[in-house]
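Features of the protein shown, as given by Swiss-Prot:
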BINDING   10, 11, 12, 13, 14, 15, 16, 17, 18  ATP binding site
């Protein structure tokens, strides 16, 4: 792999998206939001009436979708077939649906090469859960972000409320813990850090502090 790739992995709510968008803007790199691809695919399946347990039909659907990401400051706009679906894919339900389809090998296979195709001569920030272990195992720089379930719940509640969604702390905390258990124990590509990833715990750090630590680490591998 000749193109410079930086992977940012970790569970939901740790700040992967914000860090990835910030790094893409500061470094002038392209951006891949892997989690959004799964959410977009689940949304498309829902709209077309495809069941979330129909592995074959889900795998057939994915290659037909036109997906792109537009990074603006610390925000990422997700586009599906020319439509801005950012708001639709950020709901709690969309996240649950994405985890449901992510367990299927054929679905992951259908998306794997597509994600690798995001690699760019300008450089790439790849945000996801298995970017450093499966999608870009040879990436030059790898991060794995962590944060407590309680802190992630606080962030998620605030995010949902700011977007106009109802949010219950207890329900979201339970959902996060359930997703964590499912993602870490699933048979196909469980959520684990790459062996050569730098672990960043953002529980008690501001996003500015996380970005600063990430940039300092990246500078060890690439001069800008």
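Note that Cβ sites are derived from N, Cα and C of the backbone, with glycine treated the same way.
Note that the coordinates shown come from a computational prediction; the quantities given were computed from them, not determined experimentally.
Everything Swiss-Prot records as a feature, shown here on the structure.
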residue	record	CB count, 10 Å
10	ATP binding site	26
12	ATP binding site	22
14	ATP binding site	24
16	ATP binding site	26
18	ATP binding site	20
Additional residues surrounding ATP, by Cβ distance to the 10, 11, 12, 13, 14, 15, 16, 17, 18 centre under 8 Å: 19, 145, 147, 152, 202
